[in-house]
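Engineer: From Swiss-Prot, here are the annotated features:
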- Arg49, Ile50, His51, Ser52, Glu53, Gln70, Glu92, Gly93, Arg94, Thr114, Thr149, Lys154: GTP binding site (BINDING)
- Cys54, Cys65, Cys67: Zn(2+) binding site (BINDING)
- Asp126: active site, proton acceptor (ACT_SITE)
- Arg128: active site, nucleophile (ACT_SITE)
Amino acid sequence: MQLKRVAEAKLPTFWGDFLIIGFKENQTEHNHIALTYGDLTGSNPVLTRIHSECLTGDALFSSRCDCGIQLSTALRYITEEGQGILIYHRQEGRNIGLLNKIRAYSLQDHGADTVEANQCLGFNADERDFTVCADILKLLNIQTIRLLTNNPQKIEILNKSHIIVTERVPLIVGRNPKNSKYLDTKALKLGHLFSSYYK
């Protein structure tokens, strides 16, 4: 197990009252959190969102991406479902870090797409490690989920980590004129699915 559960507390939100649980990676001491809602002890697959940290989208309301509205929509879907989990995966900027993300934005301002910008800075298109999220689910005693995502790579990695994904639930929100190139690039180069149906 790559991390351990270290703290928890009640977290009232606009959408409902969650439990916030903090986790710390054993080797790096990086922190991640999970928000859980409702009774998760049943046998039905749990609606789950893995949301990668995005300070600019989540907290500063940037329209360069769809992250902020994905976060709020996922929390709403979970409360409407009556149970669920949101893992806040703290690997900013597809895990290149906040300052490099700002550098990548500057390159995008000069014509690069989101993948090219990362590569120009010496990174892979996506540096994230989703096995951490699988370990969080295991620490929560969750084996079977319905995953809120447009990214099939998350499903593949979770399945390899022995988390059963029974359904991909699309989360297609937040497209606007300022992020349309970004979303098109994610579909073309990163394989994200912006269809209502799982493929």
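Using N, Cα and C of the backbone, Cβ positions are placed for all residues, glycine too.
Quick one: where do these features end up spatially?
Structural biologist: In the three-state DSSP scheme, Thr149 (GTP binding site) is classed as coil. Applying an 8 A CB threshold to same-chain residues 6+ apart, the list for Thr149 (GTP binding site) reads Arg49, Ile50, Ile155, Arg168, Val169, Pro170, Leu171.
Taking a C-beta cut-off of under 8 angstroms and a sequence separation of 6 or more, Cys67 (Zn(2+) binding site) has the following same-chain neighbours: His51, Ser52, Cys54, Thr56, Gly57, Asp58, Gly174.
Remark: Asp126 (active site, proton acceptor) has Arg94, Asn95, Asn118, Gln153, Leu190 as non-local neighbours, by Cβ distance under 8 Å and separation of at least 6 in sequence. Secondary structure at Asp126 (active site, proton acceptor), taken from DSSP and collapsed to helix, strand or coil, is coil.
For Arg128 (active site, nucleophile), the Cβ neighbour count at a 10 Å cut-off comes to 22, with all displayed protein chains included.
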Engineer: What's the number of neighbouring CB atoms sitting within 10 A of the CB on His51 (GTP binding site)?
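Structural biologist: I count 21 other Cβ atoms within 10 Å of it.
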Engineer: May I ask you to report the DSSP-based helix, strand or coil state of His51 (GTP binding site)?
Structural biologist: strand
Engineer: Roughly how many Å separate the Cα of Glu53 (GTP binding site) from that of Arg128 (active site, nucleophile), to the nearest whole number?
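Structural biologist: Answer for this pair: 11 Å between alpha carbons.
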